[in-house]
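Among the features that TrEMBL reports, region 'Disordered' is placed at A:184-211, A:234-301, A:801-873, A:998-1018. The compositional bias 'Low complexity' annotation in TrEMBL covers A:249-258, A:289-300. According to TrEMBL, the feature compositional bias 'Polar residues' maps to A:265-287, A:821-834. What TrEMBL lists as domain 'UmuC' is A:377-606. The Mg(2+) binding site annotation in TrEMBL covers A:D381, A:D523, A:E524.
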Amino acid sequence: MSRDGWAKKRANARGDNGWGGYMAAKVSKLDEEFKLDASRERQKEGLCSNIFSGVSIYVNGYTEPNADELRRLMMLHGGQFHVYYSRSKTTHIIANNLPNSKIQELKGEKVIRPEWITDSVKAGCLLPYLQYQLYAKHKGPLFPGMTVRQTSEIAGPSHGPLQLSVHQKLHLPQCSVHHSKINEIPPKLSDPSPILLEHSGTQRANEQRPKPLLPTYQEAIKATENQLHPKQLQPSLQADSWPEKTLPSSASRSLSHSPIRLNGSHHNAFSSNPASVNSTNKTTKPGPSTDESTSSSKSSAQLLAQTGDLISEYYTHSRFHQISTWRTGFSEYVNELHSKRKAAGGASFPGKERLRKSMALCSSDCTSASVSIKSCVLHVDMDCFFVSVGIRFRPDLKGKPVAVTSNRGQVRVPTRPGANPQLEQQYYQRKLTHTQQSEISPDSHNNGVDEDAAALSMAEIASCSYEARQAGVKNGMFFGKAKQLCPSLQSVPYDFEAYKEVALSMYEILAGFTHDIEALSCDEVLIDGSTLLAELGTHPEDLAKAIRADIKDKTGCCASVGMGSNILLARLATRKAKPDGQYFLKSEEVDDFIRDLPVTSLPGVGPVMGRKLSAMGVRSCGDLQQVSLSHLQKKFGPRTGQTLFRFCRGLDDRPVRYEKQRKSVSAEMNYNIRFTRIDEAECFLTNLSMEVQRRLQEAGVRGRRVTLKVMVRKVGAPMEPAKYGGHGICDHIARTVMLAQYTDSGQLIATAVLKLFHAMNLQVQDLRGVGIQIQLLEGNHSASHDPTGHRTRSIKEMLLGQQPSARSQSRDKSPHHEKTFSTAGSPSGSSPHLQSPAEPVPGTSKDHPTCSRTPKHSRARLDLSIEVPSPSQVDRSVLEALPAELREQVEQSWINRDGKQNSQRSPRTLVLQIPNHPDSPGIVLELPNFSQVDPDVFAALPRELQEELKSAYNRIATVQPQSKMCKSSGGLVKNPLMQLKQSGAGIGIGRVKRRYKRKNAVSPVKKGPSPTKRRQTTNHPANILPLVTSRELINAVKNENGPSTSSSNKDIPESLSNFIPRPAPSLAGACDLTDIKTLLREWVTTITDPMEEDILQVVKYCTDLIEDKDLEKLDLIIKYMKRLMQQSVESVWSMAFDFILDNVQVVVQQTYGSTLKVT
Amino acid sequence: MTTLTRQDLNFGQVVADILCEFLEVAIHLILYVREVYPSGIFQKRKKYNVPVQMSCHPELNQYIQDTLHCVKPLIEKNDAEKVVVVIMDKEHHPVERFVFEISQPPLLSISSDTLLSHVEQLLRAFILKISVCDAVLNNNPPGCSFTVLVHTRDAATRNMEKVQVIKDFPWIVADEQEVHMQEPRLIPLKTMTSDIVKMQLYVEERAQKT
């Protein structure tokens, strides 16, 4: 943040009108925060001094020690730290390196190396700064014109980090580095315009990197010392025209896939006038394609880095995000408590002991009550947490309307140009009051709205006290509005440290009673009090009283406790208990209590469902009780219907889980999203996917369903929202895709997301928020059991001694390089070509990289080819650590290899399917001859592996003839089907669909490869295999096949890559329409309750058909199923059909952009 | 018996010839069935051994011919992914799209004489489907016009710019307005897989036509 200071500084200078005083407010807020932190820091550290009093520093760029450390030092020693540079207030600028342009700007300022501070602290007094000055003398201005230009041309408000003004960044060193690159452009680019284009494109990408690293600076300084002439700089100064210049490039790229039509094709037959139509021709000149593509690829790489920074910065700086992550933290805390207790064999519960003692004092009258309670859940919720924490040391504010907000009492803010706060205000208001969300249009301005609303503060209220709530203030309201409702409203700033502290002490208190805690959020906890109460023999009310007293005592904040026989009732009781109270919902009171509750108070019933229900005439839970289960299920789906049915009767069987299962992992950003070009958005999505990958890996889960959520500026909404960087009025759009396989790879997610994104066909400029969510999670079970926390995924990993963590690190560092590896699911190939030459049959190799997306039964494992790496690649120490036999074998293989120099494949080539899933055994595709296998080694293998190998050998026996045929004919072209069958069999047979087998014993069970697998195949394999690799592969093929291969082989590269033949999609072996109909009829008529697995299988078959572009068949099958299933007496069948149809429609929508018309 | 593979030069031409011939028949028939033009300008002919309707308006016929003439080189090179006959309402918003999705079959060969009659059978099925498609479609609003779009694979557009098959009859990029359809509903009509071509026809229909 501090490093952006230069840009912001200027904004600040003009901030009074242009930025709505935003910067001024922010700077003073930061100062306040600094003061607060300083006192805390001083308390913590103890030692402190005032050596820096009167010194205000501003840290510029990368320093050693870093800015945070310097900030801390300044705190401890009485100095000031400015996040934003201010010429009047800042006394010293701290920097290790400064680019020349900045030196120009800082004429007369003291620029000092950070050692000055550290040395001063060491010395205990303020040392003279002279000898620490970064530049003793300021050189004369090198480019006098530039400074003038720069000050005069700072454009209006920039729209956040993505749209940094070009001019101010022109002075950054990167552009000078860049000149040298431009000089390297081959001479054929003599035409000036492409150069300019290339230049502006790349430079732009460069200039957007907010945090230049040290090396670039040094380079830059070198460059400036080499006298960068103004003339040389000239083109870059013209770069402000980049938006126009780069447009054709994106246009021409999009052109390649866009549909085109013949000119004059609006053919009105009788009056066709070709001449007039021709005159309307649009001439799209094809841009200089090659140059552009290089520039765009280059710039996108840099963009990637840049947006990546943005995301990580957002997540490190967004404190709300941190709060939301606390819950996981507290869950872990509870987990830890449990494991500790297990380890210690028993823990001390101070709270419990105290309660026991107090119970003993008045035991005589309490025992009777305790007997009747069987199970009891306590729901502890702090009363308006942020507020009560904020005012716990400010008794003067107690009992007054208080709101926690980032605004500091200032009600009015000047408007920014481009924003239309009135409109937004109106919109939000309408959204609040109206049940139906109405369309907004700028014309429908209701002038009744107070004009002043325009100038009201848009800071949102995070939490407000009960007094304020009485006045009508609500959480999430804008402060300006709230102040109007409740003029005496006081605002309290956020205090994140204190929140953490209070939350932690609350958890400590509760842990003092029991460990059966489920952390809901930082201020909300569920406790399963059943065992505790039984043990103590107390009444829940007493327990609640004790808990509340403790919390009040220790934290100074109030908590409310609701109690009931299940989670639902406890939560509902809390609502009644608030504020600062407790309520025990006795089981005999439940019916009366719940009957009058509005349905919206049930958890899971939001405004949308509430509206749906009220349309059904249901308002209270009593009404809801009248609705039949089947009706609810039809209306809301089987799951939700069931839940509603139970909830409105006060039934809830969810257990209190101290270990919470994650349902989804997501990353979302809807602040400061302003893209100008499509590739920026793409880069951003890619980076966001990487963030999701990080989180998935952190949580140790992999997911299958990927949802892309975007917020798009609503048509008619103002370009700039009233809130700075906010999203304004938006349409929310979400698209979901089901991956073929559970994944945690950011790359896979990114490709899926990008596909969705393109399908949405949005204006990137209107994007205001982006989020990626992964659902259908599957835990890495082995990860939790494995003490090291890492699965050893493959033998290869073991061999090379590579840790998954190392892999993920490298993945983070170089997302590009990792591409081939991650798609292949083989994390550790020491060189990419390891995968391909090891292929048994060249034809199948194309499938390899995509195997990570194989269908359900095989998707759980990765297809991974393993070759014993060459001696140089193997870590000696690892080799030595291997069992003797294994080591011998590895060494043996090296010897063999040396012996057979010419052979592309080592004789020991193993092609293994490595189990990625603990319970799905991998399958060996190609193995050494069984006779070659050393029985000792075989015996030494783990049992599962042995079994796998055995079954693999059995299988090979069956496949052998085919593969032999393939090899002898060398027929890539002639026998590809055979080859695929082989691999298909290898993948599929291992895990057949048991259920179908049982049901339909006649049909041979066979599996085609998954749709996604195919999709990738038909895409550009070049994307997956690096070009070199495929070349090598083909060479290998030729070598192997020898001269006998037909001449058509030469043309394989292109033709083969375009279409690899594949077997037709089949449902449990059935391929023909009549067979499938028979099968389906059998299924529907004989079974009353369809298994989910079967339904999924049908869905998969349908998606296969879509992939296979056989919509006709799909249509027939859907219609057939519709007839069958909706006729069935069981309602589950029609639900099953709805499920299948929904899923199919999603896929059709994705592929064709429209949905099937089902009549 | 000769076996031609995809690499043989005239293979693509053969496929393109067959397809363009078929497309011409199909377009005429679509225009008739969907009542884009008054039925008076159509005459009954026989093609693929079934009755079809063909326009006898010379300019319309010329236009369709010219269009397909330009489509042919694309099909030859397997560059055309979809050929789309779009029927548009008065405001030039598409109401219906007849999408011919063309791809190459897994195994390409022209192996025997029976092939062509086999392909003819398959194409006949398409024609028959088109002639009864009004049963599954809603009526179009009056005053419709039509246009032909081609979705190309990869960067074929760029080559098309260079080579103009017919002078002053160039391809242009379709307007977003012509491509985008609100709430499209998809109605699959027919799919065929033969040794030379794999093709499926489906109709996308706007949910609200009026």
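From the backbone N, Cα and C atoms, a Cβ is placed for every residue, glycine too.
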Determine which residues of this chain, when A:D381, A:D523, A:E524 are set aside, have a Cβ within 8 Å of the centroid of the Mg(2+) site's Cβ atoms, and list them as they appear in the sequence.
A:V380, A:M382, A:F385, A:L520, A:S521, A:C522, A:V525, A:A559
Around the Cβ of A:D523 (Mg(2+) binding site), how many other Cβ atoms lie within 10 Å? Please give the count over every shown protein chain.
23
Name the secondary structure element type, per DSSP in three states, that contains A:E524 (Mg(2+) binding site).
strand
Surrounding CB atoms that lie within 10 Å of the CB of A:E524 (Mg(2+) binding site), all protein chains:
20
Give the sequence-ordered list of residues that share a chain with A:D381 (Mg(2+) binding site), lie 6 or more positions from it, and have CB atoms under 8 Å from its CB.
A:D523, A:E524, A:V525, A:A559, A:S560, A:V561, A:G562, A:T574, A:K578
Compute the average pLDDT of the predicted model within the domain 'UmuC' (A:377-606).
75
